[in-house]
Amino acid sequence: MTQTNDSPSIKAKKAAALKAVEFVQDQMIIGLGTGSTIAYFIEALGKRCQAGLKITAIASSERSMRQARLVGIPIVDSDTILELDLTIDGADEIDPLKQMIKGGGGALLREKLIASASKEMIVVIDETKLVNKLGKFPVATEISIFTFRHIVKKLKDHGYCGSLRVNQDQSLYRTDNGNYIFDICFPEPIDNPIFEHNRLKSFAGVLETGLFFNLAGRVIIGYQNGMTKIVA
């Protein structure tokens, strides 16, 4: 993981990811998040496993699972896990109360389930993800494919502006759970993320939102100069 030719942004992500690996100990059951920063974490964790670290892990996405297996991290079936020791995941935005927007990578439902099943969730970010208030980044909302157009219409009728996520070929994006994502764009910063989450979840067909709260433990911030800071 040489940093010689890395951009400042990549240097920040790698710095945070490498620091996070230090918190993983032998015999732990680890939850693996999804995203660009977590990809660096998985790469570094794989090297520790190759050097003798004994852990097991579950992944929040097929993408993270494939990468983990490729670098030698033992992956177990999520159905066998009652509790995880630690989840390492990123965020699209995080505020001073450790409320987050997640889901840019499309794995919000599994990410929230894994975090909820963990003794601690360590959030790994670069400095650009720090915000005073959430809302500049779209809020991913996972919705059922059954009557999905009605669900989207209902959300729009109640003032939620956004669009269904699509692939590069403009086909509708499907999550690993087989659902669609409606990305909601808030016109102003979100004053009460918990209220918005609960309101969205009250609509039939809304399975999960990318608003995360009461889940983050320590936060590892990577900076473009290669330094890190840990917020307890």
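Placement of Cβ uses the backbone N, Cα and C atoms for every residue, glycine included.
Now, the feature entries from Swiss-Prot:
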| type | residues | note |
| --- | --- | --- |
| ACT_SITE | Glu111 | active site, proton acceptor |
| BINDING | Thr34, Gly35, Ser36, Thr37, Asp89, Gly90, Ala91, Asp92, Lys102, Gly103, Gly104, Gly105, Lys129 | substrate binding site |
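Overlay of Swiss-Prot annotations on the structure.
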residue	record	Cβ contacts under 8 Å, 6 or more apart
Thr34	substrate binding site	Ala59, Ser60, Ser61, Arg63, Ser64, Asp89, Gly90, Gly105, Gly106, Ala107, Glu111
Ser36	substrate binding site	Lys13, Gly90
Ala91	substrate binding site	Met100, Ile101, Lys102, Val123, Ile125, Lys129, Phe212, Ala216
Gly104	substrate binding site	Gly35, Asp92, Phe137, Ala140, Gly210
Exercise. Taking the center of the Cβ atoms of Thr34, Gly35, Ser36, Thr37, Asp89, Gly90, Ala91, Asp92, Lys102, Gly103, Gly104, Gly105, Lys129 at the recorded substrate site, which other residues in this chain have a Cβ no more than 8 Å from that point?
Worked result: Gly33, Ile38
Exercise. Around Lys102 (substrate binding site), how many other CB atoms lie within 10 A of its CB?
Worked result: 29
Exercise. Over the residue list Thr34, Gly35, Ser36, Thr37, Asp89, Gly90, Ala91, Asp92, Lys102, Gly103, Gly104, Gly105, Lys129, recorded for substrate, what is the maximum interresidue Cα distance in Å?
Worked result: 15
Exercise. If you draw a 10 Å sphere on the Cβ of Asp89 (substrate binding site), how many other Cβ atoms land inside?
Worked result: 32
